[in-house]
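Some notes on the structure that comes next.
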Amino acid sequence: MHLKVHEPDKRSSYKCSECGKEYKTSCGLKNHKKSHFGTDKTHKCDLCGKMFSQTSGLRQHYMIHTGEKPFQCEICEKWFNKKSTLVKHEKTHFGNAKDYKCNLCEKAFFEKSNLKQHYLIHTGEKPFQCETCGKCFNKKSSLVQHYMIHTGEKPYECEICGKRFNKKSTVVKHAKIHTGEKPFQCEICEKRFNQKSSLVTHMTIHQTRIPSPIEIHKCSECGKEYRSSSALGKHKKTHSGNSKLHKCDMCGKEFTEKSYLKRHYLLHTGEKPFTCDVCGKIFPKPSELKKHYVVHTGERPYKCDLCDKVYSEKSHLKQHYMIHTGEKPFQCDTCGKRFNKKSTLVTHMKIHENTKVHKCDECGKTFSESSVLKKHYLTHTGEKPFQCEICDKRFRYNSSLKQHHMIHTGEKPYKCELCDKAFSERSCLKQHRLIHTGEKPFQCDVCDKKFTQKSHLKEHYTMHTGEKPYECEICQKCFNYKSSLTKHIKIHTGERPYECEMCEKRFRTKSALLQHSKIHATGLASVWKCSDCGEEFKSSTTLWRHRRTRHSQC
């Protein structure tokens, strides 16, 4: 039966009668035809519940959970879970194996399928669309990966801490946190990194100061070039098969450096050898102890050269810079929204997962995180646990207290690039920019009136509904604006926080103070005149009341 493969085939190809697609073997055609007849997926993975139409597909899938890699490269001894992946990999050892060349940019590929995939970069075509959210991708694998956002599937588990991931590459990166392994070395200064992206970023430091001419150290085995002899020496170990000399006798894991093995042992022993001599707290890494010392010293060595703000950690400064640059590197795959913090993206993703499991037993409102529910409870209890050390004012949230502190310090880190006006909050700057653009993005669907802020639109709606959600706890009078309630409460408290610098007269509201200031500026006690009867008033409010009572029929 097998010899028939080598005999001259009576048929050059096997053609599908449904769509006309051609295959070299009858087996290939048979498998393809199943796509037309919607073969049921009857084979289920008992670990994650994923379904497959063939046992071979299920068997292949199991290797993701077991970590099994039965196919080994005879040249470099690297292992693979698919034979097809091994075949592709083996071609990388032969320099003349890139037979498929792109006629647009002359890039070459080992596989015809890779070239076909590459062409999509030039055409901009994205043929693979998500049925759930409509997002398109140029690779089927990218679409499959994207689906996991909607399903919540995380098939890759860290063997050490049990944390799960939806990408194999992510779990590989994560594992290096436990092992301390840093396989990517800078060829110029020999500094090591646990991610290739970190090495690429680091290399930019040397770009302006690489000595010329550069001494090249070439591998006699494969021709690969290095800028240092030590880097070449480490590379040569990959050919001798001695690249991983240091083996853990507890779990069998191997490491290229003895220091990595030493750090790895701490996972098994639970030992934390680095102790803080101030408070006695212990840490598994010297870098963590160094970071902890800042708590005692109060040292903040990392300074922003744009606004002079200082930080105790370099990562915090890096995060802060994004405020000035507006950079938002973390994007949601579902809705495309961008964030400047990974933690903010993770929190946001829960909106799509619809996992609001934390319910308030007071009002029934649900939240995706227990910490958010805890904050929400404060609205019912009225508790304000965060107090300002300068003026003793209390706040519900720590973030509100931090924001309040800027009133005392005068700090305004957010500056408008059009008029140089500065703000203490980023949201205020964003709001301010609408003055320059004239944009009013929030429109009332009842009367078509537009607003610059969503909160203003929300309050405006109460005019149509007649709703007055803000109630005074003292006299039970209701208001449709929160600001109106705040002003009203001052009648009960007698509070008049706004003082005139000229005559020291005090007022309940800032607008009343501004109105009063016009008397000093113009020298006139009455500046508001009724156009109907000529009577003058000290404020626009009293003029409005006069017109409503005296001239309402006009």
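Glycine too: its Cβ is placed from the backbone N, Cα and C atoms.
Here TrEMBL flags 14-41, 43-70, 71-98, 100-127, 184-211, 217-244, 302-329, 330-357, 414-441, 442-469, 498-521, 528-554 (among others) as domain 'C2H2-type'.
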Model confidence for the domain 'C2H2-type' (100-127), as mean pLDDT, reads 80
Sequence-distant residues near the domain 'C2H2-type' (442-469) by C-beta distance (under 8 Å, 6 or more away from its ends) are 431, 434, 478-482
Long-range CB partners for the domain 'C2H2-type' (100-127) (under 8 A, at least six residues beyond its ends), listed in sequence order, are 88, 91-92, 136-139
Helix, strand and coil residue totals from DSSP for the domain 'C2H2-type' (442-469) stand at 12 helix, 4 strand, 12 coil
